Amino acid sequence: QLQRKILILTICAAGIGGTFQYGYNISIINAPTSYIQIFMNKTWLERTGVPLESNMILLLWSFTVSAYPLGGLAGAVVAGPMAIMLGRKMSLLLNNVFVIIAAVLSGFSRMAKSFEMIMLSRFFTGVNAGVSMNIQPMYLAESAPTELRGAVALTSASFTALGLVLGQVVGLRELLGGEESWPFLLASNVVPALIQLTALPWFPESPRYLLIDRGDRESCISALQKLRGNSDLSAELEEMLAEQAAVKGQRAKNPWELFQNPALRWQLMSIVVLSSAMQLCGNDSMYFYAAYVFQEAGIPQDKIPYVVIGTGSCELITSVTCNMIIDYAGRRPLLLGGYIFMAGWAIVFMVALSQQTQISWMPYLSMACIFAYILSFGIGPAGVTGVLPTEVFDQMSRPAAYMICGSLLWLNLFLVGTAFPFIVKSLAHFCYIPFFVVCICTALYVWFFLPETKGKSFLEISEEFKKRNFKAQTHAVFYKGPEDIKSTTL
């Protein structure tokens, strides 16, 4: 029981300063939008004596918003080398430095009369999120026992959703979302960072990293004993030693080496498809539509922020549910179900939007669609996608795989954020057609090409992919035969 508690506390210590920050920092920027834009205009007027034009304010605001995914991309790129050189735990601890810098910049921005400090602060916040989104699932999945690996790694998604909801709550006018308190709202992300810096040092490093990367068997056994207690460690240690022997003499791979390696073809294809789909499926764009749809449904303007908290709560509820069932249901059914349901709701949502003004109850159907779409995303794609790179890559390829995953995630977040207003402009009510296509294509890929990884050791998963990667070559040899025969008979 004590060891189960230590595993739970390790998860909480890693999560609160990890993926929690990603969700929290995405949502706290929404509440003070108009106040920050007023501050930008006022600052510019004081500096130059000329007010900013409205399109210039919009441009500065879009720079501020896009600094976050750009920082995330930078974080995803440095996460791999950090995880290899410093270890998983030390990387998470050091990562808090970026948030502390960001909190100082945004907290003093109004006092310094500098909106550039807010932009820079958002960039550093992004770097922190980029690092934690890659290293936290890796650290937790490597520390968890095989039978709980999915559930433990999936807590990363639960912490993201928890951050999202708490960010929406703290951003309410009654708390820190008012005109006077927005610098404190933007600087409030220092609190989770300080909690992690206090708590995480008490917990062990990833046993796999200690044994396979560092070759430190004593520290690995000590970490395992802290996490597993007096239970028999021989089977788990034997599996780790087998993986250590399998990668003996190899060094940690670079991202470009994964693309050149035919033995990793299907693993790489799977994480590229699923990481891209995670942002291209339109879940984040639902939040963009939420306020408009709720307004159309007749909800008073001042009550909308409270209803929007409901959308974040949906994602939190489903990611916690997904946590409980992932090691029973498996990865494939959750991904398939999630994307198929999202495709269905996308169609209903487009129909409801197009009939919004004609039929009186349509706004309520649109509202239901928003909640259903977010629920479908939370039950599968939101969490399972982050677990897979840990499961389908070996110890030497894993950090590079997370670098590729993270880079795709942030690039696509930037792409969707930039393109979505134009998609809405050109397709109007049918703006979800591109997202519908992504959901269908991803569901087909999962159905035909992704093997189940539930309850399997890392080596068993590796063997399964090896068969797939080299099946193509055996087919190629098989098909060359008849051509050779034809040419000789002619």
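Don't overthink the numbers, they just go from 1 along the chain as shown.
Just so you know, glycine gets a Cβ as well, placed from its N, Cα and C.
Whatever TrEMBL says is automated annotation, not expert-curated.
Because the structure is a prediction, the values reported are computed rather than measured.
So that you can see what the record holds, here are the features copied from TrEMBL:
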type	residues	note
TRANSMEM	7-24	transmembrane segment
DOMAIN	11-454	domain 'Major facilitator superfamily (MFS) profile'
TRANSMEM	58-80	transmembrane segment
TRANSMEM	92-112	transmembrane segment
TRANSMEM	118-139	transmembrane segment
TRANSMEM	151-170	transmembrane segment
TRANSMEM	182-203	transmembrane segment
TRANSMEM	334-353	transmembrane segment
TRANSMEM	365-388	transmembrane segment
TRANSMEM	400-424	transmembrane segment
TRANSMEM	430-450	transmembrane segment
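Between the transmembrane segment (400-424) and the stretches 118-139, 151-170, 334-353, 365-388, the greatest number of Cβ pairs separated by less than 8 Å involves 118-139. Sequence-remote contacts of a segment are chain residues at least 6 beyond its ends whose Cβ falls under 8 Å from one of its Cβ atoms, and for the transmembrane segment (151-170) they are 7, 11, 15-16, 18-28, 30, 133, 136-137, 140-141, 143-144, 176-177, 185, 188, 192, 305, 308-309, 312-313, 315-316, 318-320, 322-324, 326-327, 378, 382-384, 386-387, 390.
In the predicted structure, the domain 'Major facilitator superfamily (MFS) profile' (11-454) carries a mean pLDDT of 88. Sequence-distant contacts of the transmembrane segment (430-450) (same chain, at least 6 residues past either end, Cβ-Cβ under 8 Å): 266, 269-270, 273-274, 277, 280-282, 285, 331-332, 335-336, 339-340, 342-343, 346-347, 349-350, 354, 420, 423-424. Only sequence-distant pairs (6 or more apart) were considered; of these, fewer than three Cβ pairs between the transmembrane segment (118-139) and the transmembrane segment (334-353) are under 8 A, so the stretches are not in contact.
Sequence-distant neighbours of the transmembrane segment (365-388) (same chain, 6+ residues past either end, Cβ-Cβ under 8 Å): 133, 137, 141, 149-150, 153-154, 156-158, 160-161, 270-271, 274-275, 277-278, 281-283, 286, 289-290, 293-294, 296-297, 310-311, 314-319, 321-323, 326, 331, 334-339, 341-342, 345-346, 348-349, 352-353, 356, 453. Ranked by the number of CB pairs under 8 Å to the transmembrane segment (182-203), the listed stretches 7-24, 92-112, 334-353 are led by 92-112. Proximity of distant same-chain residues to the transmembrane segment (92-112), defined by a Cβ-Cβ separation under 8 Å and at least 6 residues beyond the stretch ends, is recorded for 14, 17-18, 21, 39, 75, 82, 86, 118, 120-125, 127-128, 131-132, 135-136, 139, 183-184, 186-190, 192-194, 196-197, 200-201.
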